[in-house]
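A.B. asks: Here you go, one structure.
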4 protein chains.
Amino acid sequence: MKYAKPLPGYLAQRYHGWKATAFKENEVWYRRLADDGQHPRAMIICCCDSRVEATQIFGADPGEFFVHRNIANLIPPYEVGGQQHGTSSTVEFAVKMLKVAHIVVMAHQHCGGAQGCIDMCEGNAPELESKDSFTGRWMEMLRPRYEQVADIDDPEQKAREMEKQTVVVSLENLMTFPFVKEAVEQNGLSLHGLWINIGEGVLEGYDPATGRFAPV
Amino acid sequence: MKYAKPLPGYLAQRYHGWKATAFKENEVWYRRLADDGQHPRAMIICCCDSRVEATQIFGADPGEFFVHRNIANLIPPYEVGGQQHGTSSTVEFAVKMLKVAHIVVMAHQHCGGAQGCIDMCEGNAPELESKDSFTGRWMEMLRPRYEQVADIDDPEQKAREMEKQTVVVSLENLMTFPFVKEAVEQNGLSLHGLWINIGEGVLEGYDPATGRFAPV
Amino acid sequence: MKYAKPLPGYLAQRYHGWKATAFKENEVWYRRLADDGQHPRAMIICCCDSRVEATQIFGADPGEFFVHRNIANLIPPYEVGGQQHGTSSTVEFAVKMLKVAHIVVMAHQHCGGAQGCIDMCEGNAPELESKDSFTGRWMEMLRPRYEQVADIDDPEQKAREMEKQTVVVSLENLMTFPFVKEAVEQNGLSLHGLWINIGEGVLEGYDPATGRFAPV
Amino acid sequence: MKYAKPLPGYLAQRYHGWKATAFKENEVWYRRLADDGQHPRAMIICCCDSRVEATQIFGADPGEFFVHRNIANLIPPYEVGGQQHGTSSTVEFAVKMLKVAHIVVMAHQHCGGAQGCIDMCEGNAPELESKDSFTGRWMEMLRPRYEQVADIDDPEQKAREMEKQTVVVSLENLMTFPFVKEAVEQNGLSLHGLWINIGEGVLEGYDPATGRFAPV
């Protein structure tokens, strides 16, 4: 792979800083994690967006969260023989191998993926409609939710609502995985939905009773 | 989604702690991130493993890293009409929309995915061979690399080498994406490979000159 | 003490979160507690086990419970000139200095100490019989109770019963302390026994009329 | 045990509240803790004082902290054939059975035990000198530290210093346990000292470099 380059200096420098401080002070814990394997209590599914750092928001230490991050925190439906293995394998690994107690799906304000889906649905994103747009194809699974937000006039409000729909669709799709459904029904796993407004630091949780989100 | 439950109390408590401290102290920055959008300098591709927290290791603040995490930090090859959209869309979004300057692929010691692939290749993991094993199907893309490690007798050494092969295959596959190749060749993007021994805090970088990994 | 290390970062972070939230919101009360001293209504004696958090179960605020936690929530008999001061001093301090109104002894399901005592009594724990086993020596005081459970065939049921015997022996030993006996007989103190099944959240109370435990 | 009484109504009521809320919402986790056993990362040794709730200060969830609480958070020296089993067994169980990664000794402002020891050393507490004073006998192990504070004129400052000496003596005594020393020297365990001013919410950590305490 002749194209690879050495790690940028600023990252190498920070790594050495981490090694001499946080790693040094916690080396007992790091060694324990290496020797005993991981036993994370929760799986977090959130967006790749650089502003959404779930481990910081929840003060999670190494070993606590098994984290899958993709565009718009989407989980496709269960499909044997399908090919959405990248995401499905993370759910499978978390539930069947690690037996996590919680799966938390966390969406966020200003999600480019959710906005892209709205744009597609409103005919404003021909580039996403192209068959070679991976992002467009990935967002297809959110598309049916557009009808939930189509009547909202205010574009900001519409976007926020579509962001929250990413959580609902993912939670619903999670329940199509037989091993997830079984674990949930046997009280071996609980599912949780969140949406964060990173600009104001407001975290909202999905309330199954009302089908709405409310501040935590 | 009647199955969803409220956020576990321990996470709600920690969120409130974050809101009152880290968020409060940095609220100007968080608002800026919300208002101006994200402009991350680097994309990080690493494993979902709870022990591999790239943002901690590199002291990354919100807004710095666009992060994709999947099993064994694998990137499939470019394939229009294929269905590995979950991962491919993250690369597309990072390179075409965000125009990140670096893509860093980081593997790690004790990777369950890499070990699973070895087990499959050696006939010791029939459950991963099953067509309904998402993890098994996902690891198929690493399978051809087994020949690079097949002759290694020591199982520990073999596992370490296979973990590093996840980086090589992902870097090679990244270069099959036309927009990645073009950006790299025009010096608009650089690719980097890493492997970390979390127990000892040792970070190794892929050296294209030798094709080997060496401590950063 | 050159071996001591700084507080692990994850605990420092959580402390700062507590300071900025729970402490901040209740600072009047915390200052009052500091200035006026503690006046706890109850003493709780429970196991060190990480799953048995009496203050959470009873929603106790700072200042409410004077808490002694040791292996298997055991109280040794009163013995002047003896050396079980660690536990006896907590009872003395609670009753003579703080004049608590209640002493609650709370045992729990899956108690490692109670199980260890059964193992010793059945000849299956030579390591606990060793004179340098502090846990083994501590559990000696539960040993005479084995005869209460010896005839139970089911190991699970036997363990549950032995766990409840830790409460009975502690309550009986409490009454050997002259100042406890006097306070109880003068209606200045009441004693209570509990056992909790943490997996199902079921709390059982000792009923002196029947000598058995029943759900609260 | 005819003297035992039913659980006071206020505690029964709170238990039922906990069962219907915090337990209900986290029942997956509670069942997991019951089925899989405890795997606490840290042992906390703190005072019985009702104002010192380490699990609240550190936002610890059930399963996180193995907690021993006694008068003045004291650990006696290792002594085979001795009888301080109550405390020594907690350390033994935490290190040998549970293999905790951290032991945190936390002292606090206005510690009645530390003040009692000063009073004894200055001839002002004849009741604590009595051979039937369990608290007095327990505090004997702190007595040699009086010389560290004897020259301090201000009684408040002297008390604060004596409280911090409880941490130093306990950390030193911990290192006399062969299994503690071995684990520390092999980087399998780290020791930490803390002192908290509960009235102001200020937490100080013991700094082995200076032998002093400084705010965390």
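Each residue, glycine too, has its Cβ placed from N, Cα and C.
These came from TrEMBL, pasted as-is:
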BINDING   A:Cys47, A:Asp49, A:His108, A:Cys111  Zn(2+) binding site
A.B. asks: Taking the center of the Cβ atoms of A:Cys47, A:Asp49, A:His108, A:Cys111 at the recorded Zn(2+) site, which other residues in this chain have a Cβ no more than 8 Å from that point?
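C.D. replies: Sorted by sequence, the hits are A:Cys46, A:Cys48, A:Arg51, A:Val52, A:Ala72, A:Asn73, A:Ala107, A:Gln109, A:His110, A:Gly112, A:Gly113, A:Ala114, A:Glu163.
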A.B. asks: CB neighbours of A:His108 (Zn(2+) binding site) within 10 A?
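C.D. replies: By my count, 23.
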A.B. asks: Look at the binding-site residues A:Cys47, A:Cys111 and tell me which residue has the greatest number of other C-beta atoms within 10 angstroms of its C-beta.
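C.D. replies: Of A:Cys47, A:Cys111, the one with the most crowded Cβ is A:Cys47.
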A.B. asks: Mind sorting out which of the binding-site residues A:Cys47, A:Asp49, A:His108, A:Cys111 are close to chain B, meaning Cβ under 8 Å from one of its Cβ atoms?
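C.D. replies: Correct list, in sequence order: A:Asp49.
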A.B. asks: Below 8 Å Cβ to Cβ and six or more residues apart, same chain only. Which residues does that give for A:Asp49 (Zn(2+) binding site)?
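C.D. replies: The list for A:Asp49 (Zn(2+) binding site) reads A:His108, A:His110, A:Cys111, A:Gly112, given in order along the sequence.
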A.B. asks: Is A:Cys111 (Zn(2+) binding site) helix, strand or coil when read with DSSP?
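C.D. replies: The three-state answer is coil.
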